[in-house]
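Feature list (source: Swiss-Prot):
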{"type": "SIGNAL", "residues": "1-25", "note": "signal peptide"}
{"type": "SITE", "residues": "TYR31", "note": "site 'Greasy slide, important in sugar transport'"}
{"type": "SITE", "residues": "TYR66", "note": "site 'Greasy slide, important in sugar transport'"}
{"type": "SITE", "residues": "TRP99", "note": "site 'Greasy slide, important in sugar transport'"}
{"type": "SITE", "residues": "TYR143", "note": "site 'Important in sugar transport'"}
{"type": "SITE", "residues": "PHE252", "note": "site 'Greasy slide, important in sugar transport'"}
{"type": "SITE", "residues": "TRP383", "note": "site 'Greasy slide, important in sugar transport'"}
{"type": "SITE", "residues": "TRP445", "note": "site 'Greasy slide, important in sugar transport'"}
Amino acid sequence: MMITLRKLPLAVAVAAGVMSAQAMAVDFHGYARSGIGWTGSGGEQQCFQTTGAQSKYRLGNECETYAELKLGQEVWKEGDKSFYFDTNVAYSVAQQNDWEATDPAFREANVQGKNLIEWLPGSTIWAGKRFYQRHDVHMIDFYYWDISGPGAGLENIDVGFGKLSLAATRSSEAGGSSSFASNNIYDYTNETANDVFDVRLAQMEINPGGTLELGVDYGRANLRDNYRLVDGASKDGWLFTAEHTQSVLKGFNKFVVQYATDSMTSQGKGLSQGSGVAFDNEKFAYNINNNGHMLRILDHGAISMGDNWDMMYVGMYQDINWDNDNGTKWWTVGIRPMYKWTPIMSTVMEIGYDNVESQRTGDKNNQYKITLAQQWQAGDSIWSRPAIRVFATYAKWDEKWGYDYNGDSKVNPNYGKAVTADFNGGSFGRGDSDEWTFGAQMEIWW
């Protein structure tokens, strides 16, 4: 009996812990895709992306296993005030073998505090690594406004006619700065911290079913004392964004206009780049030197056309004009219609076209890609996941230019620059060809 009495406090503590854990359950969210594919000419599945384009049409055109695993929990709540801890670890492998070791990417680790400031009800204060208010086109996996990274901010401040958000994040560049080494030689082995300061005004209702979001991002190289940047570094830049979202046909349409300068032009999404150098296979390559400007006009959305048809679509024009003439003009257009045979089975087709003109050569690369997939998904929406699909993809391309990465930047003056397909008797770009692939894939988010 004495033994039983001694164990009683432990049993009570365990029971209390279990009840507490149930009351504060861990949230498990994430994304994953994986599959197997073959190429018509033999070998594993190839994926098709136009040289110079920043994305590709993804249906039946993804050749890796990728996953994001998110664990989060509301760790404290008192009335309408709360603290939430959120994490995200991402993995990517080539899906070529059973055992594929990889280093995970720790993409999110942040705390968000809601309603902590009495005179700003409804606002959230946060700090840590975070996916911050990302804007993307799903069907081409293209993030056009994304300042994610380590940072801090205050968001969703109610200003009456909209919600104001303020944030600062960071993205560092390898090889961006240097201090004196021996014999007054600069050795560019130090990282440069690039800061981004973001201001957004969202949820402004300007027409029935329509909202407007405006944003300004300023990025700069934050250089340490007694350090210097590589020659031609852009140092800083701006990104201006205007996005109109319209509810239409049980879905949405987004119309976006963006203008960027200098360091904000390379990625064109709000992260500063250009204070450092680019690397190719871990060796010094060339100065990014991205002084200039970028204009992007984008329209995309997803709609429902009756009980049996859904469709995604995108149309975009992007002009990156650099002082060094190494920019591009890229325009793309595509649709992804879906016919629903039953609430859980559908046929999906994706047709996409890319055209990229080199500022330096004036030549154009183009590609069209068509995918037909039979799909089983958890629901009758084009957004329903998980989904298992079997697919066949055909791509046809004709490329007249490519980037010269031959030799070393110290002896090749054209290293990293656009050149014609037959420059100096070489072969740049992918030429004029076509290919088809087929396979199966699963995709899930939860």
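Numbering starts at 1 and runs along the chain as displayed.
Each Cβ is built from the backbone N, Cα and C atoms, and glycine gets one as well.
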| remark: Within the same chain, the residues at least 6 apart in sequence whose Cβ is under 8 angstroms from that of PHE252 (site 'Greasy slide, important in sugar transport') are THR245, GLN246, GLY301, ALA302, ILE303
| CB neighbours of TRP445 (site 'Greasy slide, important in sugar transport') within 10 A? | 13
| task | Determine, using Cα-Cα distances only, which of these recorded sites is closest to TYR31 (site 'Greasy slide, important in sugar transport'): TYR66, TRP99, TYR143, TRP383, TRP445. | result | TRP445
| query | Whose Cβ, among the recorded sites TYR31, TRP99, has more other Cβ atoms within 10 Å than any of the rest? | reply | TYR31
| field | Residue, out of the recorded sites TYR66, TYR143, TRP383, whose Cβ gathers the largest set of other Cβ atoms within 10 Å | value | TYR143
| query | Where the distance is taken from Cα to Cα, which of the recorded sites TYR143, TRP383, TRP445 turns out closest to TYR66 (site 'Greasy slide, important in sugar transport')? | reply | TRP445
| query | Hey, how far is TRP445 (site 'Greasy slide, important in sugar transport') from TYR143 (site 'Important in sugar transport'), Cα to Cα, in Å? | reply | 17
